[in-house]
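Undergrad: Encoded as structure tokens, here's the structure I'll be asking about.
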Amino acid sequence: MSPVREKDHRILTLERALELYLTPQCKKPPFRFPCQHATAFWEHFQMQQALMASQDGSGDSPLEDDDMGYSHPRYKDTPWCSPVKVKYGDVYCRAPQGGYYTTALGTRCDIRCQKGYELHGSSPLICQSNKRWSHKVICKQKRCPTLAMPANGGFKCVDGAYFNSRCEYYCSPGYTLKGERTVMCMDNKAWSGQPASCVDMEPPRIKCPSVKERMAEPNKLTVRVSWDTPEGRDTADGILTDVILKGLPPGSNFPEGDHKIQYTVYDRAENKGTCKFRVKVKVKRCGKLNAPENGYMKCSSDGDNYGATCEFSCIGGYELQGSPARVCQSNLAWSGTEPTCAAMNINVGVRTAAALLDQFYEKRRILIVSTPTARNLLYRLQLGMLQQAQCSLDLRHITVVELVGVFPALIGRIGAKIMPPALALQLRLLLRIPLYSFSMVLVDKHGMDKERYVSLVTPVALFNLIDTFPLRKEEMALQAEMGQTCNT
């Protein structure tokens, strides 16, 4: 058989045959040229496809020896799926071969449901080698959530809760419809408008407790206040939908002052009723205390309220006299006696070095400068640097102790006070200070040996070390609060 030709003498390929076969003029008889050739070509191709499938993959195809010689060898082994049809949906297919081969192996079909319908199953569908589509899909009519039945009323719907259904609300005798009478199920599966309700017109009733007065708890500025939650009552159906509290809830800690509490209740008709009461909190207070001269004061809570505690301390070189802490009592009076800070008096007449050091415990740091002779150059240079930094030494609570000479010609000096040679020798031996060379020892407020030096040290290096001590950090915070500083 010779190849089928059109009037323009082009070879009728598989693609051209399918294109003609699908045109409107080739759908209904009588078939004229070239429809009769396209129809015959396409039916012959489908027959050959079925024959090849029955040969179970042998590779033999009658079409390969056919006299017609259609141009289709690349499609001879392509499985075909049945056409996709989805009720209430449109199908858009794309085949790897292109053209009109919309059911060939590898074809991908996207499904788009019509308005008011939604896809159940995933898209796209894929034509598989077993001549079946990858899965099934359907377009189901969209459905809105079931409408809530209004109290003292109801509604009637044309088509249930499905897309485009209209529902009309109605009320029982004695109630008024509030809201939109008619709603419609929309494409987004939501009802148009707001749900209607049948309401009464009289507000609910509610009664609050009387004024509550309380005193703040000791060492606090607050007090815990509780009361029974007021109960409201609706005069129509006895049902309340909301109870709203404005203010702190019962069981809260109320601070000092006058607090307004308000309850608002709503019935199903959105009528509201309110009630109010007050919670008054008072704080017992003693008179304000002041820090002693050359000292600090640190108070808990608000500083002068019932139960508050104020603690006192002195700057370096001063000793606290009086009560180290005072408490504001319920009778609005402070406990203890008023504290003062007196200049520290060091007793150099004690018998042991340990007794001497005990006087500095938790009060002052000690820098001991020891030299075998007053002519020692390191000693003289070091003493000169320390004298120029006296303000910074006092700021850091440092007392300089000098040990000059060798026993029995040994002199111990703390400022203008001279200690006995035997006491100075005990101090050297207790702290294991060399007798015949220049040396310095730094002792903290707890009597701990923190650092030793055998050569000159600048005041800046010494102060940087001391400023890292934990206790010194607390001192720095207090001094900053009091405005204590050195210009150099």
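Keep in mind that glycine also has a Cβ here, set from the backbone N, Cα and C atoms.
On a predicted model such as this, the values are computed, not experimentally measured, just so you know.
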Undergrad: According to TrEMBL, the disulfide involving Cys341 connects it to which residue among Cys310, Cys314?
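TA: Of the candidates Cys310, Cys314, the one TrEMBL pairs with Cys341 is Cys314.
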Undergrad: Can you tell which of Cys139, Cys144, Cys198, Cys208 TrEMBL lists as bonded to Cys171 through a disulfide?
TA: Cys198
Undergrad: Within 10 angstroms of the C-beta of Cys171 (disulfide bond), what count of other C-beta atoms is obtained when all protein chains are considered?
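TA: There are 19 of them.
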Undergrad: For the domain 'Sushi' (284-343), DSSP counts of helix, strand and coil?
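TA: Output for the domain 'Sushi' (284-343) reads 0 helix, 26 strand, 34 coil.
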Undergrad: What are the non-local neighbours of Cys198 (disulfide bond), defined as same-chain residues 6+ apart in sequence with CB under 8 A from its CB?
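TA: Looking at Cβ-Cβ distances below 8 Å from Cys198 (disulfide bond), excluding near sequence neighbours, one finds Pro150, Ala151, Asn152, Gly153, Cys171, Ser172, Tyr175, Thr176, Leu177, Lys178, Ala269.
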